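Enquirer: Okay, here's the structure, questions in a sec.
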Amino acid sequence: MACPVKLLLIYFLEVVTSVVCTFQNASLTGSSKLSITTREEFPYLIFEKDLKCLLFDISQNESESLQIKASILDTKYAEIDGNATHIVTGGDRTNISVKVKGVFLGRTWMSLHVNKAGQSSRADDGQYDKPDIERSEEQSDWYELPEKYAISVRRKDGAMGHIFTGLVIVLVCVANVAMGCKTELQVIKDVLRRPIAPLTGLFSQFILMPMISFAVAKMLKFDPVNAFGLFAMGCAPGGAASNAYSYLLAGDVSLSVTMTLCSTVLALGMIPLWLLTFGEKVIYDTAVKIPYENILISLAGLIIPVGIGMLIKWKLPRVAEKVVWGIRPIMVIFIILVFTLGIYANLYIFDLMRDKPEILLAGALVPYLGFIFGGIVAFLARQSWKNIRTIAIETGIQNTGIAIVLLKVSLPPPDNDISIVPPVASSIFTPIPLVIAIITREIYLRCFKKKEKEELQLSDATENDHSERDENGVKHIHYHQLDGSDSVDEKHPVQAVV
């Protein structure tokens with residue numbers, strides 16, 4: 001047990017030290033009547049790799065000179081370029097320029113420190129010799145001024161990112177045309193006449209997915225920015241790629257197209273309902289702007305290509321068959337594009353993921369749980385296995401494009417760039433189980449199923465042969481050699497026994 005006298009002595013020394021430091025700090029900032037002002041607006045926005053000069057007006061009424069030094073709290077995001085220390089002579093009113101360089105996407109703070117200048121010599125150009133400043137820093141204590149200056153670093157959109165986005169849009173539109181060639185308007189009407197399947201899917205899409213994304217963000221203890229990004233993705237409608245995956249996995253394409261269409265229309269109301277209530281009040285305390293224009297564009301990007309495909313099927317059925325055949329190579333190109341050019345255009349996201357590996361886990365958990373719970377809900381609704389597959393796929397695949405645009409236009413920088421990391425991570429992990437399922441199914445169909453088909457055809461041929469003989473009145477024909485020889489010729493006829 002510690003001695004009470006010793007504890008009392010330690011407490012007394014801490015109090016004395018605190019009083020001395022406060023007195024010294026007051027002597028620097030109070031008695032010197034130091035005034036620091038700036039015309040810059042904070043948080044100060046700067047792009048990666050850019051260099052900006054921040055101007056501060058300094059005035060102090062004492063005759064004694066002061067040193068002022070700028071520092072960055074986290075140099076991973078920004079750093080001071082050049083000499084960070086400036087000397088202000090007594091009774092002088094001047095300004096200092098602090099050069100700040102953006103390093104990486106994020107947010108940090110700059111602070112100013114003050115100290116009485118030691119012995120230093122002024123050079124002819126009005127600056128101070130660096131060795132004297134360094135020696136003064138080593139010999140004296142620095143006191144941090146209370147005001148902090150927020151620095152926000154955002155990234156520049158490169159040309160490669162725009163190229164990738166354009167190629168993805170083209171491929172998705174072509175895939176939607178192919179889906180239209182596989183869809184009949186009458187079938188869509190029949191689906192809507194029996195709305196249990198689409199209503200089940202929409203319940204999974206707009207009730208389960210937001211709850212799943214919120215629960216995952218809470219479980220992994222996301223910061224508000226990334227939590228809002230993950231939640232926005234969970235509120236997004238179904239993605240157009242789900243139609244192609246439903247086709248490749250023997251789902252109901254008409255149901256998939258109907259669900260995608262209905263979920264995109266409902267997104268005009270469901271996204272604001274979730275984000276303007278739960279998103280703003282619980283997750284991210286900032287006003288959110290809903291990109292209605294982009295949602296309508298996404299809706300048009302689905303309706304127009306699918307309508308073109310349905311028109312092709314109606315007028316040119318042979319051409320429609322060839323277009324449907326092209327779905328597989330289109331999806332292969334799409335997957336290769338995502339895992340090559342898509343990764344290269346968004347390398348910064350992987351740097352953010354490296355610092356926060358839980359984002360990778362969330363990017364996989366949300367769609368995979370969507371697949372599982374979407375299938376469970378469809379099973380409980382007593383849907384066919386074909387519909388269960390379709391609803392599960394439609395639930396797990398989100399329209400991350402709408403989520404990314406929403407985050408880009410709604411949040412201030414750099415949050416708008418940081419918040420899109422969870423949707424991008426999800427778009428990377430979502431296709432993995434689907435691609436594995438497609439490959440497994442193709443192997444089964446081309447190998448095992450082919451053998452079963454050949455055996456079935458052989459069995460059918462045998463049954464047809466027997467039935468033809470039965471029709472001719474000949475049953476159970478057995479052939480015997482009359483002399484026991486192995487060959488049949490004219491000298492040794494064969495006797496047929498019926």
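Placed from the backbone N, Cα and C atoms, the Cβ positions cover glycine too.
Values in this document were obtained by computation on a predicted structure and should not be read as measured data.
So TrEMBL lists these for the protein:
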SIGNAL    1-18  signal peptide
TRANSMEM  159-178  transmembrane segment
TRANSMEM  199-220  transmembrane segment
TRANSMEM  226-248  transmembrane segment
TRANSMEM  255-275  transmembrane segment
TRANSMEM  295-314  transmembrane segment
TRANSMEM  326-347  transmembrane segment
TRANSMEM  359-379  transmembrane segment
TRANSMEM  423-444  transmembrane segment
Enquirer: What same-chain residues lie close to the transmembrane segment (423-444): Cβ under 8 Å, and 6 or more beyond its ends?
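Expert: Counting only partners 6 or more residues beyond its ends, the transmembrane segment (423-444) has Cβ contacts under 8 Å with 229-230, 232-233, 241, 245, 248-250, 335, 338-339, 342-343, 346, 349, 353, 359-360, 362-364, 366-368, 371, 393, 396-398, 400, 403-404, 407.
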Enquirer: So what's near the transmembrane segment (255-275) in sequence-distant terms, Cβ-Cβ under 8 Å and 6+ beyond its ends?
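Expert: Distant contacts of the transmembrane segment (255-275): 179-180, 183, 188, 191-192, 197-198, 201-202, 205-206, 210, 231-232, 235-240, 242-243, 246-247, 288, 290, 292, 295-296, 298-299, 302-303, 306, 387, 390-391, 393-394, 399, 402, 406.
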Enquirer: Count the CB pairs under 8 A between the transmembrane segment (295-314) and each of 159-178, 199-220, 326-347, 359-379, then give me the winner.
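Expert: Out of the listed stretches, 159-178 contacts the transmembrane segment (295-314) most.
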Enquirer: Please figure out which one of 159-178, 199-220, 326-347 racks up the most CB pairs under 8 Å against the transmembrane segment (359-379).
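Expert: When the Cβ pairs under 8 Å are tallied, 199-220 comes out ahead.
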